[in-house]
Amino acid sequence: MSQEFSHLSVLLTETVAGLNIKPDGIYIDGTFGRGGHSREVLKHLGDNGRLIAIDRDPQAIIAAEQFADDARFSIVHGGFGQLADYVEDLGLKGKVDGVLLDFGVSSPQLDDAERGFSFLRDGPLDMRMDNSQGQTAAEWIARTEIEDMAWVFKTYGEEKNSRHIARCIAADRDKTPFLRTKELADLIARICKSKERNKHPATRVFQAIRIYINSELEQIDQALEGALKVLAPQGRLSVISFHSLEDRIVKRFIRRHSQGMSVPHGLPITEAEINKTRLLKAVGKATKPSTEEVEMNKRSRSSVLRVAERLEY
């Protein structure tokens with residue numbers, strides 16, 4: 001594989017093990033990336049197994065050509081939030097044995113300065129997962145009011161200096177528009193000092209802008225609900241998150257569907273009726289990468305894997 005598509009998949013063994021793969025099963029890799037998880041899933045599938053991958057990054061679709069000769073594999077160009085629609089179009093709703101979701105930005109996306117995700121490499125201020133559509137980060141910064149910008153930084157980046165950063169960006173953009181990642185990163189580094197060791201002051205702002213312009217959290221909500229619709233009984237859901245906002249959504253989703261409906265005290269509803277509303281059960285505890293994996297791949301250090309199983313309908 002070319003270096004362009006090289007990528008170390010995070011929690012690879014643990015994530016695929018969580019799927020409890022059947023050789024003749026049907027599986028969804030909702031975040032294909034550069035194919036690391038898909039390759040591992042295919043190793044566990046027999047001749048009659050099937051893997052459907054999804055990704056909205058055009059470069060990921062190109063990377064999927066590595067599996068062009070494998071009849072078990074197919075890929076859809078689109079967002080993982082629409083996975084239920086894609087599966088339903090294939091007539092596979094309720095027949096899927098496992099769904100894998102990895103919410104991290106792939107290393108090739110971060111390392112390619114032209115994609116505009118990295119504050120360490122100068123490139124166009126883009127940040128779109130699908131760079132064929134939607135507004136760029138530069139366009140968003142140019143158009144957004146100070147209060148709205150501060151809200152995004154605080155909500156999606158958990159940035160404590162959100163208002164100060166937004167005001168400084170607005171003051172500077174009135175003189176010269178922000179078109180490059182280095183221009184934005186350098187401004188934030190000048191006005192803010194990160195109190196977190198080995199963390200660039202622009203980390204949270206870049207995260208916030210990326211999440212916002214790609215509607216990432218909305219996509220996560222849609223993908224989780226979609227997985228619930230397409231999974232067969234005893235089907236597995238393996239989800240990797242990379243920051244607290246993502247993990248909080250996944251944790252609450254699994255908890256909500258594991259507990260069933262909340263019933264006010266005194267209502268004549270039986271335990272059996274409540275059990276019918278329990279759609280998932282958590283499988284094991286949240287898993288974090290080993291010390292060895294973090295040493296080999298520093299980008300894995302914040303990852304968390306959660307696994308759940310679809311209960312009977």
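One is the number of the first residue shown, and numbering goes on along the chain from there.
Cβ coordinates come from backbone N, Cα and C, glycine included.
Taken straight from Swiss-Prot:
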- GLY35, GLY36, HIS37, ASP55, PHE80, ASP102, GLN109: S-adenosyl-L-methionine binding site (BINDING)
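Structural mapping of features recorded in Swiss-Prot.
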residue : record                               : CB count, 10 Å
GLY35   : S-adenosyl-L-methionine binding site : 26
GLY36   : S-adenosyl-L-methionine binding site : 21
HIS37   : S-adenosyl-L-methionine binding site : 28
ASP55   : S-adenosyl-L-methionine binding site : 27
PHE80   : S-adenosyl-L-methionine binding site : 28
ASP102  : S-adenosyl-L-methionine binding site : 25
GLN109  : S-adenosyl-L-methionine binding site : 21
Secondary structure of ASP102 (S-adenosyl-L-methionine binding site) (DSSP, helix/strand/coil): strand
Three-class DSSP secondary structure - GLY36 (S-adenosyl-L-methionine binding site): helix
Recorded S-adenosyl-L-methionine binding residues, GLY35, GLY36, HIS37, ASP55, PHE80, ASP102, GLN109 - maximal Cα separation rounded to whole Å: 17
